[in-house]
């Protein structure tokens, strides 16, 4: 038996039992590692699922919040659009009573009528003052020209035969035009006092005063009339 054991040990027949044990250990280790790997994989899968669930939950929460936020914003916008625009109240000017307006219009009409009535009066007054000035001028000329009157009187004393020989002609001059008859006749009286024949003729709305001058020619007649009436105008027959 001892020899067989020695032979078995020398040949290695006992080795298979050790290998089996070592193989069992290795197998058990391999299985343990395999189980660990499975467990790790399961844990990783669980963690991945958790992460996915968390991500999905956050996305859903964000979508829900976004939806409700947009919904509330849209509602507020619709409410603002549906609200009527603010009414602007403008200040209203105080309405004046009609009585004041009517009084003002009547006053204006009365003033206009008074102005219309006063205008012809003013025109008449201006014409009267102008006529009076002309009469005064003629009277002043009459006072200044007393010496010329004497010369005219001397000329009147010349014999008629000499005048006929000279073939004297009569020239017509206008010495004034007046609106009122009285002023015209006053002027005619002054013309006669100067030694000239005078005539008052109404032409239109004016009374014209004409003086007739006897002289040899036009220039002599003009010289004679201009001595007394500087504004005299020659009138052709």
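Here the Cβ of each residue, glycine as well, is placed from N, Cα and C on the backbone.
Feature annotation (Swiss-Prot): of 17-34, 35-52, 53-70, the stretch labelled transmembrane segment is 53-70. For the transmembrane segment (53-70), the list of distant contacts is empty: no same-chain residue at least six beyond its ends comes Cβ to Cβ under 8 Å.
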